[in-house]
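Annotation comment: TrEMBL describes A:T180 as active site, nucleophile. Feature annotation from TrEMBL assigns substrate binding site to A:T147, A:K169, A:T180, A:E260, A:N379, A:S384.
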There are 2 protein chains.
Amino acid sequence: MSVTAAKGFQAAGIAAGIKENGNPDLALVVNRGPRQAAAGVFTSNRVKAAPVLWSEQVLKGGVVSAVVLNSGGANACTGPQGFQDTHATAEKVAEVLEGHNAGEVVVCSTGLIGVTLPMDKLLPGVEQVAAQLSEHGGEKAAIAIKTTDSVHKTAVVSKGGWTVGGMAKGAGMLAPGLATMLVVLTTDAALDSDVLDKALRDATRLTFDRVDSDGCMSTNDTVLLLASGASEVTPEYAEFAAAVREVCDDLGQQLIRDAEGASKDIKVEVVGAASEDDAVEVGRSIARNNLLKCAIHGEDPNWGRVLSAIGTTKAAFDPNQLNVAINGVWVCKNGGVGEDRELVDMRYREVHIVADLAAGAETATIWTNDLTADYVHENSAYSS
Amino acid sequence: MSVTAAKGFQAAGIAAGIKENGNPDLALVVNRGPRQAAAGVFTSNRVKAAPVLWSEQVLKGGVVSAVVLNSGGANACTGPQGFQDTHATAEKVAEVLEGHNAGEVVVCSTGLIGVTLPMDKLLPGVEQVAAQLSEHGGEKAAIAIKTTDSVHKTAVVSKGGWTVGGMAKGAGMLAPGLATMLVVLTTDAALDSDVLDKALRDATRLTFDRVDSDGCMSTNDTVLLLASGASEVTPEYAEFAAAVREVCDDLGQQLIRDAEGASKDIKVEVVGAASEDDAVEVGRSIARNNLLKCAIHGEDPNWGRVLSAIGTTKAAFDPNQLNVAINGVWVCKNGGVGEDRELVDMRYREVHIVADLAAGAETATIWTNDLTADYVHENSAYSS
């Protein structure tokens, strides 16, 4: 289903030869209208890949007619040549699709940083992928954007007469600000780009921005939302925003479950915070603590490492009032020893940590993974 | 040599039975004067162990007559009982040493968080360790404070008639603000506590504070500097401060070389920064990037991950002017591909990364380690 679940969209994915192993590596998503409204959110990393610099400019117009995505190379830290390559790719897409304007073509790239793209493979690939465009091409597009992903990721929500669907790639460098991934969402709702922009930002703030697998932020993150208006339905904002958030949440969960080398998915829920910012700061500090992530891997309900992580933040709390539950057992009460840690069952993949700051009523949830020898192995061997 | 290299000090270390495996676990350092001036720097973690809360109060008086240190238990997150245990330990030291005041006895603990100390072992241990005090006891004291340390750590600098020596423990949870470790430094220079305080802060800011093995900050960090005045020499401040810094630098290097599971010691040198704060922020961001730490473990000179880490900071720089050298090879120039990465020789334990921000003349150096499967194994299995 993916990006072609909503009406008005076509997609395709092929192997253009960018990846040396011959796997699919080039995807194209086209908005056939009648509208071509769009919004996008990009990495906050100040070292941005060429396609991000290009696509940020495209989104300023609020109109996107097509998105071309390649895996097998991030086109980041590639200087003026990299930007020219991105530009040439957009021009090629506009030329092949006919009647399109390169200034309305978004380009996304993912893979190794610091290597220029093989344009002799990519440009002929654009012709090939365009020839495959179809209303059923969403799955193939989702497969073509994989890098170290073990599975392709798609999600769809359908409401009364309209649909939001999407695809995502990402298995490492998952960190906020925003999420470290490529995501394309499509909808056939009849909405303008300013509404799309608000719904997308509201959704990513609470979903992809709170997925923090390894604390590392990439140079290429892009999340797009395209609207074709083909359903001729204009939903209420709240209902539309909820659907976008639901799709983002679903895809975000799929990213966490497929994180490189992980054996546990850890839900860090901060409650009793004086402010949402405090809750997020504490959640991130816990989610990024390597010692805790190792302990969880070892199925050790090591609440002392949770307290150590909380203690490095500026959030409002009294160390003698902190409470921590791991998988439902309050192992730390009032900053000290609580219920018997032997009661904690950590056999399952999902681990739920609740940190109660006892300082207010605000909450936030951050998702992360454990730190494993497999993570080390994958990231020692794979240059990205 | 350790803490008894300087005149006027006695020390001892014994196995009191706090550690279940019977290894040495209790150390005592006594300043026999004629002066008992002292300064201390403690963890900036807001969740502080009972001995830190106690010792911060002791140091306010600027007088320390003895330091008692136990491994085998951190006495952190142990509530009112934990604080009473620390107090009782100081009282016991004062009683056993005769003529001492508990309010001038510093207590340090290290080991597992969230477990109360076995006072039935610790208090008799204080009597035993006091009976062993000697001018040659520095090594035994250094051995007794080890936790996962593979070696004990000592350093000594002697100048014209006076000496600074010390001992340190630490092999994990090494992060700044300040360093995550227990350190006792002694000197026979005749100096007041305010001079000691300034020299200690100046030294730790540039040494222990810039050792960041795994980004995790403990609840028990303590660095002490005690002066006996027994040499009857009052050195110039600059000369004394340089000696303290030299000993701290030496001990900090020993901590990095003994970091849990590490196979590489990584020197992250930031140059061309607009300010020292910028240089430190960038250095820490690079030093804490798990993906880069994995790459270094795999002997992969992955400069793209260095740039990704720099890009997450607020430091002044232009992405198109960044330069990165790894072991002397400028693999990234002007934000793009530089010299051939195949030229980088990464066979040796020390790895030297230079990040040039091309934005000024300030510099900072942060020391860290690679991220290895052994680190994961040690910290999955060892509850601390």
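Each Cβ is built from the backbone N, Cα and C atoms, and glycine gets one as well.
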- Under 8 Å Cβ-Cβ to chain B, which of the binding-site residues A:T147, A:K169, A:E260? none
- What is the number of other Cβ atoms found within 10 Å of the Cβ of A:E260 (substrate binding site)? 26
- Row A:T147 (substrate binding site), column other C-beta within 10 angstroms, all chains, value 22
- Note on the structure: DSSP, reduced to three states, assigns A:T147 (substrate binding site) to coil
- Under a three-state DSSP reduction, the secondary structure at A:K169 (substrate binding site) is strand
- 10 Å Cβ neighbour count around A:K169 (substrate binding site)? 26
- Message: So if I draw a 10 Å sphere around the Cβ of A:N379 (substrate binding site), how many other Cβ atoms end up inside it?
- Response: 29
